[in-house]
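Comments concern the structure below.
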4 protein chains.
Amino acid sequence: MANFKGHALPGSFFLLFGLWWSVKYPLRYFNEKGNKKSHRNHSYQRLDVIEGAAKIIFAMIGMLAEQFVPDGPHLYLYSGEERSWVKLMNWQHTTMYLFYGLSGVVDVLTYSPLKLPLGMDRLMLSVAVFVEGFLFYYHVLHRPMLDKHIHSLLLIAVFGGAFGILLEVFLRDNIVLELFRASLAILQGTWFWQIGFVLFPPRGGPAWNEEDHDNIMFVTMCFFWHYAAALLIMIANYMLTYWYVNSRCDLCSPSVNSLKPFGSEMGA
Amino acid sequence: MANFKGHALPGSFFLLFGLWWSVKYPLRYFNEKGNKKSHRNHSYQRLDVIEGAAKIIFAMIGMLAEQFVPDGPHLYLYSGEERSWVKLMNWQHTTMYLFYGLSGVVDVLTYSPLKLPLGMDRLMLSVAVFVEGFLFYYHVLHRPMLDKHIHSLLLIAVFGGAFGILLEVFLRDNIVLELFRASLAILQGTWFWQIGFVLFPPRGGPAWNEEDHDNIMFVTMCFFWHYAAALLIMIANYMLTYWYVNSRCDLCSPSVNSLKPFGSEMGA
Amino acid sequence: MANFKGHALPGSFFLLFGLWWSVKYPLRYFNEKGNKKSHRNHSYQRLDVIEGAAKIIFAMIGMLAEQFVPDGPHLYLYSGEERSWVKLMNWQHTTMYLFYGLSGVVDVLTYSPLKLPLGMDRLMLSVAVFVEGFLFYYHVLHRPMLDKHIHSLLLIAVFGGAFGILLEVFLRDNIVLELFRASLAILQGTWFWQIGFVLFPPRGGPAWNEEDHDNIMFVTMCFFWHYAAALLIMIANYMLTYWYVNSRCDLCSPSVNSLKPFGSEMGA
Amino acid sequence: MANFKGHALPGSFFLLFGLWWSVKYPLRYFNEKGNKKSHRNHSYQRLDVIEGAAKIIFAMIGMLAEQFVPDGPHLYLYSGEERSWVKLMNWQHTTMYLFYGLSGVVDVLTYSPLKLPLGMDRLMLSVAVFVEGFLFYYHVLHRPMLDKHIHSLLLIAVFGGAFGILLEVFLRDNIVLELFRASLAILQGTWFWQIGFVLFPPRGGPAWNEEDHDNIMFVTMCFFWHYAAALLIMIANYMLTYWYVNSRCDLCSPSVNSLKPFGSEMGA
């Protein structure tokens, strides 16, 4: 949907996943250190399945929204006597959501009795991000300069993320890669919102001059400010998780994942 | 051959190999898990030799077809008094087949007494795919927009596959990479057929408008639908293989690769 | 700052870090070999923290200089009634320094009680270099030919360095990668000075002809001469370090990091 | 030197190194298998030093030839009153040779008492090949179409080789990568000769039409035929080495590297 909501919806999905990952992975990291065992917690497997289900649901919402908004294609691919294509933009967005949905299906199948080989889930997520990237790349080829530029900056986050996730196929449970993924998901999320604000000002203010070179320069810089903010959010979440895990240990409530050894190590 | 058959022939070869791999590798994966041994089965080495031979035969068929179709070059490279080149398009296709043939030769030599170092076979296949990619890249540089675009989408599958196979040089017998290779081979196969249908409608229907931007947009999206279909075929074949391996165990026929331990592990 | 000083300042920072690394890493390498232990010295961790602090200070200096030079933006982002952007060039440079500052913060946090996972510091440095690269890339798109070319050569050093540092995330304490990083930092440093001399001759001599193709060719070649010089400086520093470490052993002063075993190994 | 000899000289150097590597590495591979030890033979270290010295000598010859041919720059960089650049083409070629010379110096230093860290030699060779690639890239930007295309095909071999050698920094003594390097060196060698024949026909025949698209298509294909030939030469040399090593064992002359165990393994 080439309007504000069409950018706010995927932006919110990415932001939600990015923020969630920026809490989940530090938590697992501290728990593993605390337990002095590197085996992944069974509960994290269940989380992965829930994440997969969430991906499927989000992808469904996205696909339905793209198809059935008032000016959507309502599942018609071509129409009329001369068989012209109907709302291909919406169809392309539907395709992007479809691949994230497939990634969710593979996530769920990985921990089903079928036991897809570990790594397929990461590969499938990487493929989904690559598909998003390629579709955007061909998507914006014939747009005004600012529109093109603001989307091509998104491609840095998209392809950077796709490569990072590809590495996770071979370096699974690498905390550095996982936090990198989280930071780029947050970046994508906030940048989708930014695109919406720039190209379709929701309060109907004056549109940006799409051919002004200074606007291009500002937007470039702004993209990296978003990333700086994403990194600061990540660091803040890491710290909060650290203090939460540590404080839980100070109370020393007898829990399955007792953090005593970890807390004492930290104090040493 | 710039006609429907010239795209259907390589398309069928890729499809055949892709489907075969999507069954072979899950089968080996389940057998290895069942046997609780990571040594590769001797019978799989024999399969690799047969695959190599099949590649050589397919490459021969392709080369002969490109050379000896009625409007082919019949092995003449230049002709006439001014020594102009003869049917360079067919010669380029011949070159592509040649490298797949060489890859077949290296496959066979790997398990001959000569014992080429393991990894050479993957490297050679990767080189063959890269060569296909580079030839296509220079090939379509001066074509109408739709023709160019539909072939450049193919390059995503080609270079993606080439990189994946390159990784297999160093990460041999990695099931994730092998399934990725299979999925891209299926994609190439079905996409070659699609190219044939779009550029040379076999039933002689009206040609597509090669300069219509909407057609470009649809084709881009269609390419990724092919990939989604390829992935679903892969998952279906994986499941079928899983049920086949498991059911064979339930009958518990005494076989060399008894799957008892595997079946019981699955039930646990 | 689009003047001589605006290139000399970052040039000096990079040169300083490059030269320092070209001494520090060989020293650690010889010490580790001498001690026959691969554990990293505690004192090197303290050095990393000091390096991080130096990065933060340098980044602050750079940001303040870019903002508060007489013709700088003085922290105003837009001004006037028509809300036009103020000195975006300086703001872009400020953004580059910002990311190096963030990298310094992560360096310091890595050895704080918070214990960021090892590898985050390298990832963050790599991100800072990538950001510098992307900003330069979009920065020089609409400049005269020589200006564009001389900056695009810088991108070779920048992206080469960013990839090398990315590898260090996974191959930490690899002496080859560390020396590679040092050599590219020296190259960036001297090249920034060179850019200053070519585009803003400090003694006010005649400007270079920015559209002369011969100047482009010379500048290309000159860039690689800089790298050859950087490599020779590296080798010289490596040799000096070697002789220093060895001579300290000949005097056999009883020190914590006694190099006796290493010296005798060398003589064997 | 933009003439036939200026392409034949580097072509011969690459060809010589490529052929030598295509014999040396299989030989070492068989010897290691025969000895059932993976330690690299001391004699191979001496070979590496000799190779380094050969690189230095070849680079010197190349540099002197580029500078002191009758129409060379004779070490003058600029001349005349208006200080115009002198023969920059020759200076660029000199720069390429310089980096190969530096690579030779690092090879020699690796096995000197200084003991540069292992991997530096590969990194330096990779850098030399990258420098060659970048210089060629900027070099041919403003040439006629055929000239540009024939050199840009060379870049495939150059950058492919540079990446392969970069991998050798981390995967040292990997026979597959070494043979890949050898094959690309042979390809570069024969392709330099081919460029000479196409652009500067030595017997003074009619020049090729530099704007004919068919010539471009043929040249593209011809490049890959060269690679197919290089691969066949590699396989032939591998076989010859195999038979030589095996036959030496049949005679069973008591040698330091007795191949008995290897021969019997082969027969088993």
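Cβ atoms are placed via backbone N, Cα and C, with glycine included.
The transmembrane segment annotation in TrEMBL covers D:6-27 (among others).
Feature annotation from TrEMBL assigns transmembrane segment to D:48-69 (among others).
Per TrEMBL, the feature transmembrane segment maps to D:89-111 (among others).
Sequence-distant neighbours of the transmembrane segment (D:123-140) (same chain, 6+ residues past either end, Cβ-Cβ under 8 Å): 89, 92, 95-96, 99-100, 102-103, 106-107, 147-148, 151-152, 154-155, 158-159, 161-163, 165-166, 168-169. The transmembrane segment annotation in TrEMBL covers D:123-140 (among others).
The transmembrane segment annotation in TrEMBL covers D:152-171 (among others).
Per TrEMBL, the feature transmembrane segment maps to D:183-201 (among others).
Feature annotation from TrEMBL assigns transmembrane segment to D:216-240 (among others). Remote same-chain partners of the transmembrane segment (D:216-240), defined as residues 6 or more beyond its termini with a Cβ less than 8 Å from a stretch Cβ, comprise 18-19, 22-23, 26, 145-146, 149-150, 153, 156-157, 179, 182-184, 186-187, 190-191, 194, 198.
Sequence-distant contacts of the transmembrane segment (D:89-111), counting only residues of its own chain at least 6 positions beyond either end whose CB sits under 8 Å from a CB of the stretch, comprise 1-2, 6, 10, 45-46, 48-49, 51-56, 58-60, 62-63, 66-67, 69, 72-73, 77, 118, 120-121, 124-125, 127-128, 131-132, 135, 139.
For the transmembrane segment (D:183-201), same-chain residues at least 6 beyond its ends with a Cβ under 8 Å from one of its own Cβ atoms are 2-8, 10-19, 21-22, 146-147, 150-151, 153-154, 157-158, 160-161, 164, 207-208, 219, 222-223, 226-227, 229-231, 233-234.
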